[in-house]
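Trainee: Take this structure first; my questions come after.
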Amino acid sequence: MRPVSVWQWSARGLLLCLLCSLCLGSPSPSTDPEKRAESQGLRFRLAGFPRKPYEGRVEIQRAGEWGTICDDDFTLQAAHVLCRELGFTEATGWTHSAKYGPGTGRIWLDNLSCRGTEQSVTECASRGWGNSDCTHDEDAGVICKDQRLPGFSDSNVIEVEHHLQVEEVRIRPAVGWGRRPLPVTEGLVEVRLPDGWSQVCDKGWSAHNSHVVCGMLGFPSEKRVNTAFYRLLAQRQQHSFGLHGVACMGTEAHLSLCSLEFYRANDTTRCPGGGPAVVSCVPGPLYAASSGQKKQQHLKPQGEGRVRLKGGAHPGEGRVEVLKASTWGTVCDRKWDLHAASVVCRELGFGSAREALSGARMGQDVSKRYECANFGEQGITVGCWDLYRHDIDCQWIDITDVKPGNYILQVVINPNFEVAESDFTNNAMKCNCKYDGHRIWVHNCHIGDAFSEEANRRFERYPGQTSNQII
């Protein structure tokens, strides 16, 4: 190839310069041969529980060793790159704090920073392979769009379907299928496998196993079942066993965390001398199966609970609050995981937790964040109300005609429920107020439901109180 001189400025000369530069192999950041060669030596897979085939904890095999990615600085752009490495078109989300369970082995990447347009994760910035200060409680996961890349070669991807795991469990009534009232609380335990629903062999089945299954389905506890009846019934029915040797400790949030074994395709004899596993679950107060059961629950004397959920949009979710010394407070999310969340859920009458949220995802609590300033004519008087600017944290109260005494100071927002909210109980603030004609003492301030019922009754009976009129 004859080189082109720099003084050839003709259109032909310029074209030749461009062509020759391409022929000589001008490097491009997105197609760096070293980066691509390094990426070809990696293998990828999705792991963890419970999940669908297009989501999970990201694991990378490098130098023959599988490892994970830390969630520090992880973004949706990094998830896009990893989903393409896995053969999907793009990512729809990502997870942190080992949502799909903690991995094992090395943490290959930390502080991963991608633009989202890279062809390989090796083109993204990071602290370097194997250089991390994270633990597996910080493993990152991705949620990919359920759409494959056209013509994608999956030689470097380990498909999840090659490894059986329990992803879905149900209770099927042994008799009267389709005519039983919902929810179904007793019946055969069935797991969903690639070939369909299968039963579980009951040899070695324990109350711990039943506790885990009931918890997965939203029930707080289990009870004994008439096994003789189901054994007699099993002799008249055909069953397809897919699982055996289940051994749970009882604290697992999902059946896939228990020790278990799958039957192989060439197993001709399955569950010899046994039958299908059966459970009977106890529904919580929100899932009482009949009006009679609800009536019995109402007859039981129930004191005020010491744990509650606040700020959630649906039953069974919210910020965890505990009652201590007659005052409600929150729980720090350090080391907060599915096991701890499941304890709370069962105490509240639900089953095992599906997700343990951190980072004040359901809102923060009674915190002081205000800035006072004198905006002039912004005040209210006794017996009157006023609409004031939304960005003013402080308000003048005229007490010219108020006699000395003990009072309750109450401030309510959205009093007529004109704005929809998930929780109206925190819209009122109350304080004990003492006025001696010259000075005012305000103390015991709290949001409307921050005290226990007994403490709130004591508050309302403030000694020497002269007025409790809401103004």
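The count begins at 1 with the first shown residue.
Including glycine, each Cβ sits where the backbone N, Cα and C put it.
If you look up TrEMBL, you'll see CYS70-CYS134, CYS83-CYS144, CYS114-CYS124, CYS248-CYS258 marked as disulfide bond. The feature domain 'SRCR' is assigned by TrEMBL to 44-145, 169-282, 307-365. If you look up TrEMBL, you'll see 292-311 marked as region 'Disordered'. If you look up TrEMBL, you'll see 1-25 marked as signal peptide.
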Trainee: Relative to the Cβ position of CYS124 (disulfide bond), how many further Cβ atoms are located within 10 Å?
Mentor: 18
Trainee: Just name the most isolated of the disulfide-bonded residues CYS70, CYS134, CYS248, going by other Cβ atoms within 10 Å of its Cβ.
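Mentor: The disulfide-bonded residues CYS70, CYS134, CYS248 were compared, and CYS134 has the fewest Cβ atoms within 10 Å.
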Trainee: For the domain 'SRCR' (169-282), report the average pLDDT of the model, please.
Mentor: 85
Trainee: Of CYS83, CYS124, CYS144, CYS248, which is closest to CYS134 (disulfide bond) if I measure between C-alpha atoms? They're all disulfide-bonded residues.
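Mentor: For CYS134 (disulfide bond), the closest Cα among CYS83, CYS124, CYS144, CYS248 is found at CYS124.
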Trainee: When the domain 'SRCR' (169-282) is classified with DSSP, how many of its residues are helical, how many are strand and how many are coil?
Mentor: 21 helix, 38 strand, 55 coil
Trainee: Roughly how many Å lie between the Cα atoms of CYS258 (disulfide bond) and CYS70 (disulfide bond), rounded to a whole value?
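Mentor: Between the alpha carbons of CYS258 (disulfide bond) and CYS70 (disulfide bond) there are 25 Å.
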Trainee: Using DSSP, tally how many residues of the domain 'SRCR' (307-365) sit in helix, strand and coil.
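Mentor: For that range the per-state counts are 10 helix, 14 strand, 35 coil.
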Trainee: Return the member of CYS83, CYS144, CYS248 nearest to CYS114 (disulfide bond) in space, with distance defined Cα to Cα and candidates limited to these disulfide-bonded residues.
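Mentor: If we rank CYS83, CYS144, CYS248 by Cα distance to CYS114 (disulfide bond), first place goes to CYS83.
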Trainee: What does the DSSP secondary structure composition of the domain 'SRCR' (44-145) look like, as residue counts for helix, strand and coil?
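Mentor: DSSP composition of the domain 'SRCR' (44-145): 16 helix, 35 strand, 51 coil.
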Trainee: Taking 10 A as the limit, how many CB atoms besides its own sit near the CB of CYS258 (disulfide bond)?
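Mentor: Excluding its own Cβ, CYS258 (disulfide bond) sees 18 Cβ atoms within 10 Å.
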Trainee: Which one, from the disulfide-bonded residues CYS83, CYS114, CYS144, has the smallest tally of other C-beta atoms lying within 10 Å of its C-beta?
Mentor: CYS114
